[in-house]
Amino acid sequence: MANECSICEKELNEADDLVTTDCDHTFHRQCAQERLDTKNRTDCRACGQDSALGDALARLKIVSEGECSICERLWTLEDDLVTTECNHTFHYACAQERLNKTNKVDCRSCHQESALGNALALKNLTKKGECSICELEWNWKDDVVTTICKHTFHRHCAQKRLDEKNKADCRSCGKESALHDALSRNTTTATMKQSIETKSDDIVRTETHVASVAKTEYTMEKKENLWQCDECSGTNDESAKRCAFCRVPRFAASSVSTAQTQRQEDRTTDKYNQIEYLNRTPKNNDHTSLYPEVQEFMDVDEPMVNKSPRGSHTNYSLRSSTPSTTSKQDFQSIESDSQEYSSEHEAIVYISDLPPSIQDDLQLHRLIENRLEKTFQIIPAIIQCYTKIGAGFMCVPNTQIKNRLVEDIKKMILDLPGGTHLISFSDTIELVSYVVIDKTHEKNDINLPNPSEILNRWVHLYNGEKPLSCDQISVQFPNIYRIVSASFVNLLAVMSNPDFLINKLFTHVYIGADCSYLEDLPKSTTKEQLETAICNSIGMKTVSSLSLHIELNKETNSACIIATDKARLWTTKSFIYINDRPISKKANL
């Protein structure tokens with residue numbers, strides 16, 4: 001890190017609230033925000049890279065929650081967190097527990113060497129102060145709680161104050177209920193701590209097994225010119241590039257080490273490399289990404305081998321955080337294997353119209369696999385489902401089977417708990433996303449970018465192939481653009497960083513989304529009413545704004561509804577009730 005913020009020319013400290021651009025320049029967050037607000041400058045103050053500072057601030061503004069990949073629970077900004085230099089965030093308690101129990105200092109998400117250990121060391125240096133209840137010092141080794149107003153106390157002091165004096169406010173600033181809320185939120189006393197310890201024990205067993213396998217592999221290579229597969233423990237000849245038993249590439253889980261700029265140069269967009277790229281991507285989240293400017297939001301889990309009597313299939317599931325980086329060595333391995341697996345290259349079948357009622361990638365994988373085998377006697381080599389966007393793909397043994405699926409079968413019925421659902425097969429895919437420019441805080445008319453500017457910004461940010469098209473959806477909603485892509489790789493990059501700035505306007509991408517409209521709404525209708533009505537319709541209490549966007553036009557009494565991820569259930573509905581009156585949903589205005 002640079003020692004000085006080049007905006008205010010004052011020293012940078014690890015304990016400061018900082019923002020780092022894609023070009024690796026770091027500033028005080030307050031300085032950067034003030035520069036943007038007062039001077040409308042979004043470029044990097046150090047090197048002048050266009051929009052770099054604006055994009056970095058936009059990402060910080062959006063990231064308010066995520067998943068800790070150690071305990072697999074959600075974190076929010078109210079929690080005690082630790083963030084690595086590779087931009088992965090964990091509960092502090094989980095990270096410290098993992099270090100204490102497993103002695104692992106690498107990042108749990110992307111496995112960058114020493115990343116979590118370094119982050120904890122820096123955190124612990126600043127993690128000390130005075131408990132204003134007992135007036136004694138606390139440090140990182142103590143059991144403490146931190147309130148939403150950022151004041152820290154010994155847990156036993158806070159609990160005693162609450163129990164004996166019935167005082168729930170913050171002892172330092174008097175914020176109402178702050179101490180009670182902190183104690184309720186940080187329930188490590190029983191359930192959370194037990195969960196973390198159980199999870200940590202699982203990690204110990206898993207990582208001990210991995211270490212054992214690695215050690216065995218090293219010994220076997222040295223003595224017998226053999227290597228052992230990390231997935232199925234099968235023994236293979238030194239010259240074999242893939243396991244003879246489960247077909248997983250030998251270096252599928254190799255650690256990431258190549259420079260990010262080289263990763264960009266090594267990317268390829270042909271279909272075979274799309275599949276091989278996804279199959280070789282090690283575990284990460286969003287959203288350590290495909291591109292240096294991409295902050296993680298989604299992540300692709302490491303492969304699991306689903307063994308059955310008829311063979312082994314590698315399954316992958318997409319969770320909420322980012323596809324991780326693929327190293328140059330991985331791409332070289334892909335190219336060297338391409339001749340051996342050219343038949344897979346020719347036999348990619350895309351799957352669309354996946355049922356929105358199923359949110360489990362693996363469950364959907366098995367439903368499709370079982371139906372294909374029982375009805376058509378087809379056994380795919382690979383099936384990958386992305387329930388969040390309603391699409392996926394599979395590899396079949398040869399082009400004859402592919403042609404049968406896309407030309408003859410075309411559609412297939414899945415039996416679901418609530419009925420049946422029809423999915424489609426094709427040899428190409430069109431993935432629709434919607435770009436929404438936030439007008440919430442804009443008081444005056446804004447100069448919206450045209451579709452060409454959106455496309456250029458898209459290509460610049462994600463460094464992938466150019467989308468097939470980009471259009472404004474309606475004159476009634478000029479701040480919403482429809483983008484059609486033909487590449488999963490490109491879309492996974494967008495998943496990693498769905499937020500960006502264009503013309504100094506904050507923008508969010510709703511990936512693999514559905515767009516619909518409501519007309520003739522009562523004049524008094526609000527966005528909150530519409531959200532409540534939609535939630536009631538799809539049987540959910542609340543829906544994240546990252547899954548559901550409602551744009552209301554008061555002049556025309558109409559609304560545009562963008563739904564993705566869990567909100568895709570909205571695609572199964574035809575109307576909602578507003579003030580006890582049914583309002584029909586429309587595909588077009």
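From the backbone N, Cα and C atoms, a Cβ is placed for every residue, glycine too.
The average per-residue pLDDT of the prediction over the domain 'RING-type' (5-47) is 84, rounded to a whole number. Under the heading domain 'RING-type', TrEMBL lists 5-47 (among others).
Among the features that TrEMBL reports, domain 'RING-type' is placed at 68-111 (among others).
The domain 'RING-type' feature in TrEMBL is assigned to 131-173 (among others).
Annotation source TrEMBL lists domain 'RanBP2-type' at 223-252.
TrEMBL lists 303-340 with the feature region 'Disordered'.
Marked as compositional bias 'Polar residues' by TrEMBL: 309-340.
Shown for the domain 'RING-type' (68-111): DSSP residue counts in helix, strand and coil, namely 11 helix, 11 strand, 22 coil. Per-class residue totals from DSSP over the domain 'RING-type' (131-173), listed helix then strand then coil: 11 helix, 11 strand, 21 coil.
Counted with DSSP, the domain 'RING-type' (5-47) comes out as 11 helix, 7 strand, 25 coil.
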